[in-house]
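Annotation source Swiss-Prot lists signal peptide at 1-32, citing sequence analysis. Taken from Swiss-Prot, the feature active site, proton donor covers 127. Annotation comment: Swiss-Prot describes 272 as active site, nucleophile, evidence class similarity to another entry. Among the features that Swiss-Prot reports, N-linked glycosylation site is placed at 361.
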């Protein structure tokens, strides 16, 4: 494993282009690429077995679990739901410095459940940044990931279960135009070796993408319709690619940043995206409904740079009354009483700028420590 980065070839721009063309034929273009993040920071939420029954009742086929919550893992047995299984940031140091701890973690939380629980990815940490409040943890992300990967590989499961991490958009230094996307220079020493690992392991990078926060951070230059997928036409022309919504522009800036490292081709999974219905600037029921509905129906189309279906996870399953600040309490797609907050669904048609309501059909992720 120590030689994985040395074995990663630097791709020319032509090689990257040809590899993306080849990959288009490998990635399924289905409309069932949506997940929903389910958090547990509330004192009025249903137990895990009822929540998973709610997924099944709504034909929800994917989930993100941010830590190995044992009641949830047990309830997931034979459910057919694909899972992103998370490792909390608090466990990174132990797993990075002790291979036996990584093997024990895999035995306890993966082998004890797989394959009756359909674990698809293991997310080693969430939003760790070498320049943020979690900077002291950055040194542990890659070695923890390598140790978990080695434990998975020893069981012959490295092709079935991909080991990765989740980042946020603060690691992007330039995002405009999207084709010029690049990572911040002060995070390259952290990210480049990790990207090399992803190329070696054939694993995707998980990225949390929130047009909401980009809009409220710069409402003068980023309009609300652009953030909500409701712009009447192309807002950003970037060479041959036209951008009518902010989500595509943000995601393609990540694609470009990865490509522009020259390390190799990496797929991206959107591990969080959402819009709060209350508690802050530009928050309303209608804004949240429109964003979520449009995102659900949009991801099957992909982005201008990568025009195949995007795997994405909405945030969040429930409104969580123990989160802060106030807007963080209002990202839910369902109320804590298990009633739908929004009537959106797949396959709807927009009429005169309105969202046509449809049956909910998506994917859920469990979030218990964020």
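Even glycines carry a Cβ here, placed using N, Cα and C.
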Inter-residue C-alpha distance, residue 272 (active site, nucleophile) and residue 127 (active site, proton donor) (nearest angstrom): 11
Which of 127, 272, the listed active-site residues, has fewest other Cβ atoms within 10 Å: 127
Collapsed DSSP category at residue 272 (active site, nucleophile): strand
